[in-house]
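Please read the structure below before turning to the comments.
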């Protein structure tokens, strides 16, 4: 279990003062100018050594991502864009940072922008996050008044401006290039790659898009050192991380823990255990709605990190899990997710535009048991045709929960079809 002195987000639950004065008391904005004066290369090398991987779901090494930005300007400005469009069902970790500990994000944005040669950064915040936007804007205004942003930001000699942009509630804008399109005032639709954002991103200029948590942990890593951060977790899965627990746990929460914590320990220590005890566990979606669902047996010894989730044929994602007990109709739960992805498809790619709707309709029939057993395999085959055949990962996100359901809960689907045929279809369980 993570010790309190090792926590980065010390006001995660809003028990303290979120203002600039409160943030300084908790150690933020301490020696920021000295960190910047180390130079771009040393900061990026330190981030690489820390082993920090993107906290938005993809898990790409953060230091390496920063190193893709041009070392010398060709006349175009560079930009940092922070993805605060946290829209995936069950994922609610970044909003706690913005609502209660916004200065971790603002200080991180200054340091990260300097490391990439960017004099401006944009925070693209989800349309529904009204209170979070107010808290973040108030914190930004405080920093401008205190000289921590603007000309000679924090006395570092680096000029830096930070802008907050409110989205309009589209899940697809969480994809980095769709986010850039939306930020430019266009319809949020993913771009073809290459060119990658580091070559031609916002307004055709070099751009890096990072998740809120990825940026917010930067100042603490650089203060305490890469070795400190890398000491948590295991190789390739280093550091501390925000985990979310929702669903049928006794105490749903967002909690900061070390990477590579066993799933069962996370649920029992921080989630207060499964409602009705561990034996009442039926399934877990481990990292947000797009991850393949796991059975109770798989969860018993599963490790919550990138490699651990890959070992059980799922995904670490955002590490915000949905816990389902025996009262859950898991087939209907996955249908609900397929409905979400169908609704949020931008329609640009045919496999996603047509496939998400088709998968949702077949799932709806499977929920009712109004299908043939052979259709289960056909549905699985179609998910494989959608997966990997779209510009962005929304097609994959729609396919994976269904694939996990068929792999791990096929008997439940078949039983429902047989029960419908024999007239034994009972009352449906809770979702």
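Every residue gets a Cβ built from N, Cα and C, even glycine.
Remember, it's a predicted structure, so these values are computed and weren't measured experimentally.
Neighbour density for residue 56 (NAD(+) binding site): within 10 A of its CB lie 24 other CB atoms from the protein chains shown. The NAD(+) binding site feature in Swiss-Prot is assigned to 54, 55, 56, 57, 58, 59, 60, 61, 62, 63.
As annotated by Swiss-Prot, FMN binding site applies to 167-214. A 10 Å cutoff on Cβ-Cβ distances gives residue 209 (FMN binding site) a total of 25 other Cβ atoms nearby, all chains included.
Under the heading [4Fe-4S] cluster binding site, Swiss-Prot lists 346, 349, 352, 392. Residue 349 ([4Fe-4S] cluster binding site) falls within neither a helix nor a strand when secondary structure is assigned with DSSP, and so counts as coil.
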Quiz item: For the binding-site residues 58, 173, 346, 352, which one has the sparsest Cβ surroundings, going by other Cβ atoms within 10 Å?
Solution: 58
Quiz prompt | 346, 349, 352, 392 excluded, remaining Cβ within 8 Å of their centroid ([4Fe-4S] cluster) | solution = 172, 189, 190, 345, 347, 348, 353, 390, 391, 394, 395
Exercise. Return the member of 56, 62, 352, 392 nearest to residue 173 (FMN binding site) in space, with distance defined Cα to Cα and candidates limited to these binding-site residues.
Key: 392
